[in-house]
Amino acid sequence: MEIWDIVFRITIVIAAALIIGGIVVACEFSVLINAVVDRMVALRPGAKTFGWWAKPPVEPRISLYIYNVTNADDFLSNGSKAIVDEVGPYVYSETWEKVNIVENDNGTLSYNLRKIYSFREDLSVGPEDDVVIVPNIPMLSATSQSKHAARFLRLAMASIMDILKIKPFVQVSVGQLLWGYEDPLLKLAKDVVPKEQKLPYEEFGLLYGKNGTSSDRITVNTGVDDITKYGIIDNYNGRTHLPHWTTDACNSLAGTDGSIFPPHIEKDRILHVYDKDLCRLLPLVFEKEVETSNEVPGYRFTPPEWVFADVDSHPDNMCFCPAGKPSCSPNGLFNVSLCQYDSPIMLSFPHFYLADESLRTQVDGISPPQKELHQFFFDVQPKLGTTLRVRGRVQINLAVSQVFDIKQVANFPDIIFPILWFEEGIDNLPDEVTDLMRFAEQVPPKIRLGLILGLCALGVILLLLATFCLIRNSHRQSTLHLEGSNYLATAQVDMNKKQNKENQPAARY
């Protein structure tokens, strides 16, 4: 009986432990998996994820659409509304690589970014030699900046432009517009502007100097010590904040380059991306759940509708108006002139998506925006924080101010003139990367469910088995006790009979 009791007690303890283990797995298994993911994605030199980060195994592409002005003479001479013809796409494949990587003692990595652009005529509407007519950005930037200067300076500028035969519109090839052409104003500035005020280039191009290794030194967090900082910029060229805006929050650089984000992303998290040309952090908010063509689930994040809103619609954007409310951008535009050597460049989404309709109708030829074609978005794998698909869509506009004292632009009205828009991004990741994502997404929940069911089922089975054995042992003991009682009773009867027999002769005597 003692042995059965001991076995029963041990079985009960084991069963309880198994059931409790199933409950613990149900509650804490995700913590263990998250710890494994954190270690796996953190940027450790030599690790596979580090290699993917340093040299992404993808082929990004940038497609550009240029607003070719078809009535430049009538626009300037007769005051006609400008007519533009959207020409594109002109497509370039890109190769990204982080070079000169240095591991720092404070859990960060520093690097320079190398981007190589290769023209893809097979995916483009024509060669880079295609000719377009666009606003003369260097000239119109100079005239717009002179609007509030002394009158004699404006008159002198008009004389110089007359001598150099500079006109408000230029006829250039697509390649020149993007990668650079010699501009007479920039060439003149090289000779007359003081050294400390000179521009860092002698040619003008919207992508001038971007085909190669950037001189910008970027330092990011590895996530080894704190996974919540994984991929987030620590400093950019030694700066922890931008110098342009009025608050620390708006000057913050605490975002990623868009290729990775801290893992375990929830739908209520706001992601942040920093790109030098955006001149700010770009917030991204959850829009919907998506799935890639190879069945990797993700979350789509897009800029909120208020990101380029005017200050009346979204007062928090006041921090991006350092010169006060009169200088704030119209609804749907963002002024990046402080990052573009004071050139009056305004960014928007393509076709003025999410902007006031009046901006699009200032010129003829731009169709109404469509969300599917013009929305900016990131598709992100939430568990690992890896970007699955990107469509970075941005339009470059020039804010032109009418200056009557400069005859070349006296008829050029105040206008937000669209120059081009582009779409940069990736469509998919290699199978090696997506296989890991599918594993991280699908396998741990199955293991968790299997462990919960297995541990709990085994515990219940042991508990039932122990109970069954206890009942059976109790029944056996009861039977033995009953048999023992019957045996004793029979023995007592037999003994009594024997005694009676022994006593009977004595009585007869």
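Heads up, the Cβ atoms here are built off N, Cα and C, so glycines get one too.
TrEMBL does not curate its annotations; it predicts them automatically.
Candidates considered were Cys279, Cys319; the recorded disulfide partner of Cys250 in TrEMBL is Cys319. Out of Cys328, Cys339, Cys456, the record in TrEMBL bonds Cys279 through a disulfide to Cys339.
Between Cys321 and the candidates Cys328, Cys456, TrEMBL records a disulfide bond only with Cys328. Cα separation, Cys250 (disulfide bond) to Cys339 (disulfide bond), rounded: 14 Å.
The CA atom of Cys339 (disulfide bond) is located 14 Å away from the CA atom of Cys321 (disulfide bond).
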